Amino acid sequence: MGRREEMIAKIKELMLQPERIRNIGIAAHIDHGKTTLSDNLLAGAGMISEELAGKQLVLDFDEQEQARGITINAANVSMVHNYEGKDYLINLIDTPGHVDFGGDVTRAMRAIDGVIIVVDAVEGVMPQTETVVRQALREYVKPVLFINKVDRLIRELKLTPQQMMERFSKIIMDVNRLIQRYAPEEYKKKWMVRVEDGSVAFGSAYYNWALSVPFMQRTGVKFNEIIDLTLKGDNKTLRQRAPLHVVVLDMVVRHLPSPIEAQKYRIPHLWQGDINSKIGQAMLNCDPKGKMVMVITKIIIDKHAGEVATGRVWSGTVRSGQEVYLINSKRKGRIQQVGIYMGPERINMEAVPAGNIVAVTGLRDAMAGETVAEEQIEPFEALHYVSEPVVTVAIEAKNVKDLPRLIEALRQLAKEDPTLHVKIDEETGQHLLSGMGELHLEVKLYKLQKDWGIEVDVSEPIVVYRESITKPSPIVEGKSPNKHNRFYVVVEPMPDEIYQAIKEGIIPEGRVKDPKAVAKKLAELGMDYDIARGVVDIYNGNMFLDNTKGIQYLNEVMDLLIDGFHQAMDEGPLAKEPVMKVIVRLVDAQVHEDNVHRGPAQIYPAIRTAIHCAMMKAGPVLYEPYQKVIINIPYEYMGAVSREISQRRGQLIDMRQEGEVMTIIAEAPVAEMFGFAGAIRSATSGRALWSTEHAGFKRVPNELAQQIIRQIRQRKGLDPNPPTEKDVCPLF
């Protein structure tokens, strides 16, 4: 039996023993060394050759990732590790650290139970570290810590062992502070990472060594010995004395939970169904004999197999030929092939039981986040994405005959990545592609041209603004065109605390299933409980409440009213941009008794006009997306970089100096950040390292707002003059 066959046989055997499985991820700030760590873990476990590991980046198997040197898609591999005489199956998902790809991180967190947080010993805890830790803890994923690039502290910064220990302590404190802040109440203490119990390891992924207290106690290897070997440059002995994969995977097996353990506390939080039902119990207990339930976390388009859906099996067993329900998209499907990953390679299996990460083909309409089950059940709660699309490009096929293929390609791209929004502009016939940032869109467009061979013309990037209001409106009446239905609404600005709670998933978006529970949360955040009890729907950071009493037939049109509310929120009155932070309260209504007189053609315009007119009376304003920029540069470029930022309406938030290196943290409007990469490279002769992340929305200064509204309206083929209250409010 060859090495590969042996490996597959071992994986097949361990798949059936969930207590021996660990589903883990690696998450970190960009360039802190995640992918190098993943590769060296694979090499140690015998999945790739050691010489190549760290240089070859197995998990970065997309050509673009190799070229850019960053991880774009969360890849998935399975490997075997022996700990205290027993074999364990470790399923590892590598996630991107670049902010534009935050969606991949969110999806990967759903599939795993534990995560290795990687922090660069030189840079310490960075903003993106905080984002990934928050995402992990929100999905009830337990963390351990690996402090990477320790070789740089020894070689470049020439720190003494004492100084290094101080630096480690600070990183551990910072990570524990994040765990304290974001972990679920009952795990704030339990999940803190500690050097003494081995839930912290430190080392160098690139040079393939690591240490932890349990390892040092067991083997007698001392830190001073490692320092000497590093200074001598004896990397071979380093690897042999303190092998990275042994230290890190021991930490994983010892401190991160098996599916059996994790599902007991994760399922009640991720799934809203009845825990005491048969299927609820099967998931709690990770029972391979129960009914099958899996959640898809990623769709990959494979040249040979078509769409491959990767996901986590919570209960039952996935088999080829199985008839299943796609719960969210309300349709049936049939699973064709079933397999698991070994590196980028997919290996077919007859069946994959609960507790494993599976790859299936045949589910043609599945999206990331879809719940797939053998019978109709409550879906898992929606995945929370940390930031929303803020940049749009318009694309057209250069060749008209490519149009049908372009539409199909865009559909596929949007399926692979739900944080990408695709829309056809009805008026201009252009396809609008919105993403998290410039890089996100660049990567997707490259994929479009390379994988599909479609030549496209791409517009300059356009920023997606938001419309909102500054004060409560008076009561506004909206009439249906036939005058038989009337709706009376009030709009109010949404308090920041409530908006944050929605964005962080504490108050879930969508139709409200349990108004009392949501009202209780809203009341805790300062809303009047009696008003909050009317909450019906939460949509893109806006809220619709029914505060009427005993209106006849209102229930019959409630679905239409909610659709109309969505339409009003998708395109605000100022420039048809999405609306944010608005509370719409229905306070009174008259609804015609006859079904015929209260269809969509009557209800939509009535509620839409009422909401837009109320917004015009509530001090309408424009918000623009901001980015946080973190730049590391040699001290002498300080002035050039500050100038570059202030020219872009940016402001400096913080500056730190460590040795020769300055870290600048600034915020600037996304609209001013296009072309920043090139500008900063030339300003610093290519010596700047920088990353960005979404920093929310801020109000556009008044003097700029009118000009921007004109530009947007002109681009959309509307009358460029900003509308007045008279234009929006009908004369009744």
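Using the three backbone atoms N, Cα and C, a Cβ is placed for every residue, glycine included.
Database features, via Swiss-Prot:
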- 19-260: domain 'tr-type G' (DOMAIN)
- 28-35, 94-98, 148-151: GTP binding site (BINDING)
- HIS597: diphthamide (MOD_RES)
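The local packing around ALA28 (GTP binding site), expressed as other Cβ atoms within 10 Å of its Cβ over all shown chains, amounts to 27. HIS597 (diphthamide) sits 57 Å from ALA28 (GTP binding site), taking the CA atoms of both as reference points. Cβ-based crowding with a 10 Å cutoff singles out VAL150 as the top-ranked of the recorded positions VAL150, HIS597. When pLDDT values are averaged over the domain 'tr-type G' (19-260), the model yields 80. DSSP assigns VAL150 (GTP binding site) to a helix in the three-state reduction.
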